[in-house]
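Undergrad: Can you keep this structure in mind? I'll have questions shortly.
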Amino acid sequence: MNPQAKLVFTISLLLGTTITISSNHWVMAWTGLEINTLAILPLISKSHHPRAIEAATKYFLVQAAASALVLFSSMTNAWHTGQWDITQLTHPVSCLILTSAIAMKLGLVPFHFWFPEVLQGSPLTTGLLLSTIMKLPPMALLFMTSPSLNPTLLTTMAILSTALGGWMGLNQTQTRKILAFSSISHLGWMAIIVIYNPKLTLLNFYLYVLMTSTVFLTLNSIKALKLSTLMTTWTKAPALNTMLLLTLLSLAGLPPLTGFLPKWLIIQELTKQDMAPAATIISLLSLLGLFFYLRLAYCATITLPPHTTNHMKLWYTNKPTSILVAILTTMSIILLPISPMILTII
């Protein structure tokens, strides 16, 4: 792709995200979402592969439908209350439609079907954008409208997202699809707590972005798109693969690592809100996610060559790992001890 065009699309992505996050008026938020969608489409379809074009088409149709629902819910609310302010969403039908629209934008169950397909058809760097920065505007809208939303509906969607994200990730062999189902599962954790403690949702989102970025950039530097490719990467960059093991375990939420912090706080908050059954169910469902992270980690680090995968070895030049990957990996692993400081910041 032409570097100037890529720069224009990247700036548009940042502009759309900024407009949505900083807006108070529904029409401005909708405009930001539309700019975002239009800017990411060329980045998805830049390889001109039929799979990439299919992914871009699916993404466009889903996001256009979600944006139309956002506009429809805000207009319904304005019709009944005369308010265009995002935080003044009070009409129950508008709240219901908006919850569906945001779920569609984020990829929450039952509107999750597009996300694994789109991620599978995109390059790893675009997949990183789709999993992180493209989730920020809908997450900001969810944060701002959280007092008005229906708790039962959100809790149900959250538990279903964690369950389906875990179940459907179990038999995948493509790393991008595994990360897509991992994202759906994490979104379940964010959605369940957004009504009771929105700041916890944001903390969870930030740490999820940190860990997912690390995994995507690591996979991009070792060029691993399938588990069979991942099995042959141990000899290429042993240190990076070992760190990938720890990052994946952090993403699963194992205790001494960064990923445990949001899960711990969410379970604590749910227990305070007399939602111990929901906390128990969502904790048990996260074990499904742990299984496929362990599978990824096993393929990346514990399967030592020579082994019996009939996969062609890739040519590899011994280039050093970027400093960004090193910093992100370190943060993905060792932030738990400074959790009191993180909590004072939020």
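Each Cβ is built from the backbone N, Cα and C atoms, and glycine gets one as well.
Here TrEMBL flags 23-288 as domain 'NADH:quinone oxidoreductase/Mrp antiporter transmembrane'. Here TrEMBL flags 290-343 as domain 'NADH dehydrogenase subunit 2 C-terminal'. The feature transmembrane segment is assigned by TrEMBL to 59-79, 91-115, 152-171, 178-196, 202-222, 243-266, 278-300, 321-343.
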Undergrad: Going through 59-79, 152-171, 202-222, 278-300 one by one, which has the most CB pairs that fall under 8 Å from the transmembrane segment (321-343)?
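TA: Counting Cβ pairs under 8 Å, the winner is 202-222.
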Undergrad: List, by number or range, the same-chain residues at least 6 past the transmembrane segment (59-79) whose CB is under 8 A from its CB atoms?
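TA: For the transmembrane segment (59-79), the sequence-distant neighbours (Cβ-Cβ under 8 Å, at least 6 residues beyond its ends) are 26-27, 29-30, 33-34, 37, 40-41, 44, 88-91, 93-95, 97-98, 100-102, 104-105, 111, 114, 118, 130, 141.
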Undergrad: Summarise the model confidence on the domain 'NADH dehydrogenase subunit 2 C-terminal' (290-343) as a single mean pLDDT, whole number.
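TA: Looking only at the domain 'NADH dehydrogenase subunit 2 C-terminal' (290-343), pLDDT averages out to 79.
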